[in-house]
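A.B. asks: One structure coming up, written as structure tokens, with questions to follow.
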Amino acid sequence: MEFNQTSVEYADGRGRPVLEEMTPRQIVDELDRYIVGQKAAKKAVALAIRNRMRRQRITDAALQEEIHPKNIIMIGPTGCGKTEIARRLARLTGAPFVKVEATKFTEVGYVGRDVESMIRDLLMNAINVVKREASEAVEEQAAKHTEERLLDYLIPDSRAESKGSSDPMNLFRAFSDLSKFGQQVQSGMQAEQEKQTASGEEEERRRRLRELMREKLRSGEMDRREIEIEVEMPGIPMIQLSNAPGGEDFDSQIQNMLGDMLPKKRKKRRVTVEEARRIIHQQESDKLIDPDRVQSEAIKRTEQMGIVFLDEIDKIAGRGAQGPDVSREGVQRDLLPIVEGSTVNTRYGAVRTDHILFIAAGAFHMSRPADLIPELQGRFPLRVELEKLTRDDFRRILTAPENSMTRQAVELLAVEGITLTFTDDALDEISAMAYDLNEKTENIGARRLYTMMEQLLEDVSFDAPERQGDDRNVVIDRAYVQARLKGIVENRDLSQYIL
């Protein structure tokens, strides 16, 4: 059964964005669950998503086409939440999302990745999302087909098709004495009736055996048993056509194109039933999914909902051809048509970038947004400055988000049977030390907390499997934090090792 014959609609069913009906305030509240502070940046991205929804509801098709997204540039020190805001936003909306570093690109004609590769990556992300949703839609049907194929492997059909007396021509050729032909025909008919009776009994026995095996298969009793199955192999081996940096994109496209043209090879593999179920289920899902529909829906989502996060854009700012990176202004000029709106050719079809939302980010310590070429500045009309994290922000980062650092540490050690507890004064001390280190040395924002937490819990984590009795209850208080970190924080020569 083809997937396009089912009642599932990608765009109107499972593919509907999670936040489609949410107001900008509700979007900000949702981001607050994971990110501390930065209200201005959250408000800017929430408005961008809401305006995208408003545009899609405009009935005038010509006017809808003319409304372009207002691209955003975020300015703020590293570790203040720029990347996380964009990543969480894409995850909440279900939009195709890709994060790229502007420093990875080079001007056309130089060795390296070209800027169009980020659109190809964005489309691949969308294809994976749509294909996953399509697989979920045909999950039940694929599971049934998988079960039947597993039963075929477990109970092979050993019945041999008998030829001979049941074939009138064979009977005729077998007897040279035509006077006995009638008697032989009658004997053949009796044998055929006996064969049909035996065949019916055999069929009933096989049916009962198949149902018994089905119960064992569903209960997991057969998972460890090994069977031989057929798997599809690539039509061509992995090849490398280019040794130059960035050549992997070209190699991948050629590989995929040739792989689609050449027939698939089949190879027998001996695997467990558990592994066979996974392999066969993937094969059956692929049979039920219409690849053309997946690709067209993925292109549509990429064009209408895609989000590209351009990190480290400040590293390509600056005029002139000074220094070793002479192509950075060329990269900016190559970015212009992509951000403004153009058509990028991919192996799945042409992708228009007119309505893709671009969010650029940079610390701009050594440069300013004004150092970008004027044309590129105009493509990012919204500028948001992210605030430097305070002591209170560090304190909230430790406990407020749903996936907070302290919760992660507690759950990780709980696997080893360790009960880890942080006191309030310990959290105050950790946040104060992190803030002071950022002020005295390099400001790396919230990332400072990760390295401090690792240093703080190093011994506890190392000894966790060997702890017994009361030693399994670990309390982290101010004294413990000072004993583990204060000497390192105060020693400037050692503090550099806590990033």
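Quick reminder: no glycine exception, Cβ is built from N, Cα and C everywhere.
TrEMBL feature annotations, pasted as is:
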type: BINDING; residues: Val36, Gly79, Cys80, Gly81, Lys82, Thr83, Glu84, Asp311, Glu375, Arg447; note: ATP binding site
type: DOMAIN; residues: 68-390; note: domain 'AAA+ ATPase'
type: DOMAIN; residues: 389-485; note: domain 'Clp ATPase C-terminal'
type: REGION; residues: 183-207; note: region 'Disordered'
A.B. asks: Quiz question: given the binding-site residues Glu84, Glu375, which has the greatest number of C-beta atoms lying within 10 angstroms of its own C-beta?
C.D. replies: Glu84
A.B. asks: For a quick check of understanding: given the listed ATP-binding residues Val36, Gly79, Cys80, Gly81, Lys82, Thr83, Glu84, Asp311, Glu375, Arg447, what is the maximum Cα-Cα distance in angstrom, as an integer?
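C.D. replies: Answer in Å: the longest Cα-Cα distance is 34.
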A.B. asks: Considering the binding-site residues Val36, Cys80, which residue's Cβ sits among the greatest number of other Cβ atoms within 10 Å?
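C.D. replies: Its Cβ has the most other Cβ atoms within 10 Å: Cys80.
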A.B. asks: For the domain 'Clp ATPase C-terminal' (389-485), jot down how many residues DSSP puts in helix, in strand and in coil.
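C.D. replies: The counts are 67 helix, 8 strand, 22 coil.
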A.B. asks: Across the whole of the domain 'Clp ATPase C-terminal' (389-485), what does the mean pLDDT come to? Round it, please.
C.D. replies: 87
A.B. asks: In sequence order, which residues at least six apart in the same chain have a CB under 8 Å from the CB of Lys82 (ATP binding site)?
C.D. replies: Ala41, Met74, Gly76, Asp311, Ala361, Leu386
A.B. asks: According to DSSP, collapsed to three classes, what secondary structure does Cys80 (ATP binding site) have?
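C.D. replies: Once the DSSP labels are grouped into three classes, Cys80 (ATP binding site) ends up as coil.
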A.B. asks: Does DSSP put Glu375 (ATP binding site) in a helix, in a strand, or in coil?
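C.D. replies: DSSP assigns Glu375 (ATP binding site) to helix.
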